[in-house]
Structures are given as C-alpha cells and as structure tokens.
Amino acid sequence: MAVVAGLVRGPLRQASGLLKRRFHRSAPAAVQLTVREAINQGMDEELERDEKVFLLGEEVAQYDGAYKVSRGLWKKYGDKRIIDTPISEMGFAGIAVGAAMAGLRPICEFMTFNFSMQAIDQVINSAAKTYYMSAGLQPVPIVFRGPNGASAGVAAQHSQCFAAWYGHCPGLKVVSPWNSEDAKGLIKSAIRDNNPVVMLENELMYGVAFELPAEAQSKDFLIPIGKAKIERQGTHITVVAHSRPVGHCLEAAAVLSKEGIECEVINLRTIRPMDIEAIEASVMKTNHLVTVEGGWPQFGVGAEICARIMEGPAFNFLDAPAVRVTGADVPMPYAKVLEDNSVPQVKDIIFAVKKTLNI
C-alpha cells in the first residue's frame with residue numbers, strides 16, 4: 001500500500017509544481033481618476049521621492065487648495081513643505097524662484113493664471129532667462145501651475161488662456177494637459193526638469209474622471225515634455241488641440257466619422273517646445289489641417305502651428321488652406337449665452353472640418 005501511495009503522491013506533487021509554476025499575477029487594471037486626483041497623485045509621489053520638492057501658494061495647505069488639488073498634502077508633509085502664502089503673487093513667486101536658484105524644487109501655484117500677471121517679472125525675467133544668462137551654470141527648476149483658460153461664470157479677469165503668452169518666451173517650457181494621464185505624467189516631468197515649467201491646467205477639467213492605464217499608475221511614470229499624442233487615428237484631416245478642446249475635437253470626430261469623415265486628433269500636451277514633427281507627419285498623411293484652441297486668435301497657438309506648417313515640408317502636402325478654431329476676439333463675457341459663444345464648441349469644429357474639406 002505504501003508503494004501504491006507513493007506512486008500516486010509522486011505525480012500529484014509534480015502536477016502541483018506545474019500549477020504553481022504556471023500561476024502568475026495579472027497586470028494591474030486601469031482605474032478611474034479625476035484630473036484633480038491625478039495632479040495630486042503626481043505631486044505626492046514627487047514630494048515623497050525628493051525632499052527638495054515643496055509646494056507654496058494661496059490656500060494650498062490647510063484648506064487643501066482653492067480647487068482641492070493639494071488635498072491631504074499638508075497633513076502628510078507639514079508646514080515646511082506645503083506652505084500657505086499671503087495674497088501676493090509677486091512676493092511668493094519671487095520666493096519660489098529664489099528657492100529654485102538655491103537648489104530646491106518649488107511648485108508655485110497660482111489660484112488662476114490670470115493672477116500670474118502680478119508676478120510676470122518673476123516668471124519671465126527671473127525664472128525664464130537666468131539659465132541662459134548664466135551660460136547654463138544656474139538652473140531654475142521651478143513649476144508654475146494652476147487653472148488656465150475659460151471657466152464658468154467668472155468673466156474676463158478669470159477666464160483668459162495664457163498658452164500663447166508663455167509659449168512665446170524662450171527659457172520656459174509650457175505644458176497643457178487634457179486628461180488624467182497627461183496631468184500626472186506632465187506634472188512629474190515638470191518637477192524633475194531643471195528648466196522653469198509652466199503647467200496650464202483647466203478648472204473645468206479638474207472634476208472630470210478618465211481611465212488611468214496601468215503603466216500610468218507607476219511612481220516612475222513620466223510623459224516626456226515636448227511630445228504630442230495622437231488620440232484618434234484618421235486619414236482625411238488633422239485636428240490639433242490642447243487642454244479641454246481636445247475632448248471637443250474627439251466628440252466632433254465621432255460625429256464626423258458617422259458621415260464618413262475620419263479625423264486624426266492630436267493632443268499637443270506641450271506648447272513649448274512644440275512637437276511640430278508629429279503635426280507635420282499627420283498633415284503629410286491627411287493633407288488637411290484644423291487647429292483648435294480656447295485662446296484668442298491673434299498671435300495664438302493655432303497661428304504658430306499654421307506658420308510652422310507653411311514654413312516646413314508639410315506645406316506642399318496641403319490640399320486646402322489650414323483653418324483655425326479659436327476663442328472669440330473679445331474679453332470673456334459674463335452672460336452665459338455670450339460666454340458659450342466665446343469659446344469653441346463641437347459644432348464649430350465640425351463646421352471648420354467640413355469647410356476645410358469643402359463639403
């Protein structure tokens with residue numbers, strides 16, 4: 001009987017070993033994360049990773065931020081690394097720039113980028129130009145971040161898009177996330193960069209949840225600054241946007257697809273340095289271009305893209321003039337109906353695409 005039992009147990013042990021060897025842990029599933037939570041997670045991971053990183057701004061600490069983007073960080077890291085400041089943008093931006101020059105890595109939050117005008121000398125003259133003026137000897141590793149562009153019912157002094165303003169300045173890097181993956185990957189890359197980086201968020205996107213893929217859940221996840229992403233493949237026309245209008249472009253593309261028009265939608269992610277190569281490659285394939293932005297038309301991001309295409313190799317591939325969809329050339333009105341008509345809507349993008357394709 002012992003011999004028989006041994007003969008039985010032997011194969012069972014072998015089978016058990018095979019089962020164990022074949023067992024593997026499944027990859028982490030995608031999770032739903034709001035843009036607000038993604039920025040918070042990215043800052044939290046970098047604060048934990050590098051003790052030189054700190055956050056300062058109005059109400060970022062005990063109040064968890066005006067838009068709750070810094071929720072929980074003050075309780076975790078304390079007064080020395082999450083710092084409430086007086087209402088003086090020039091003052092706390094200057095402190096942040098000085099700290100960056102001294103070797104720290106500050107994250108300077110503006111409650112809205114409209115208020116960054118109070119600190120424009122610190123951002124442009126002190127932060128953006130110093131690395132170059134010092135022949136590369138004095139880096140200024142600082143992130144200026146906060147909500148940018150149109151919001152809801154806050155009128156002209158709280159609704160301006162500053163992508164073109166800051167994208168105009170050599171020495172700055174400018175990023176503009178759309179979804180949660182963008183937000184987390186770009187804030188982490190911005191914090192680690194030795195150049196001053198302006199991160200233009202959008203108040204209306206903070207509470208919007210997106211699927212965060214498994215790779216983006218890693219603490220090592222970064223999105224390279226200066227690289228765009230094709231959000232939707234297409235063959236008939238290239239549509240380029242950044243920030244919230246990317247979502248509008250995808251909605252328009254879905255509508256147009258039902259009519260047999262396939263749009264290639266490019267999410268810029270970075271305003272400066274701009275990934276013009278990605279746009280050129282797409283235009284060479286589709287032979288048509290529409291740009292979409294929430295900012296004003298004159299000297300805007302779309303105008304720069306059109307100029308680059310005209311001056312580069314993709315121009316000879318265009319079958320029709322490029323078309324821009326922009327915000328209205330007026331200060332943002334307060335009245336709801338006027339406000340809605342002052343920023344690009346899905347119908348405006350559809351109209352521009354059909355105009356470009358002569359449909």
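Cβ coordinates are placed from backbone N, Cα and C, and glycine is handled just like the others.
Per Swiss-Prot, the K(+) site holds Ala190, Ile191, Asp193, Asn195; the candidate it also names there, chosen from Ile124, Ile142, Ile237, is Ile142.
In this structure, the recorded positions under consideration are Glu89, Asp193, Asp319, and the one with the smallest number of other Cβ atoms within 10 Å of its Cβ is Asp319. Cβ atoms within 8 Å of the centroid of the Cβ atoms of Ile142, Ala190, Ile191, Asp193, Asn195 (the K(+) site) belong to the same-chain residues Arg105, Pro141, Val143, Lys173, Ser189, Arg192, Asn194, Pro196, Val197, site residues excluded.
Closest to Lys354 (N6-acetyllysine) in space, going by CA atoms and restricting to the binding-site residues Ile142, Ala190, Ile191, Asp193, Asn195, is Ala190.
Around the Cβ of Ile142 (K(+) binding site), a 10 Å sphere holds 31 further Cβ atoms from the protein chains shown. Using a 10 Å radius centred on the Cβ of Lys354 (N6-acetyllysine) and all shown protein chains, the other Cβ atoms total 14. Glu89 (thiamine diphosphate binding site) and Ile191 (K(+) binding site) are 20 Å apart (CA-CA, integer value).
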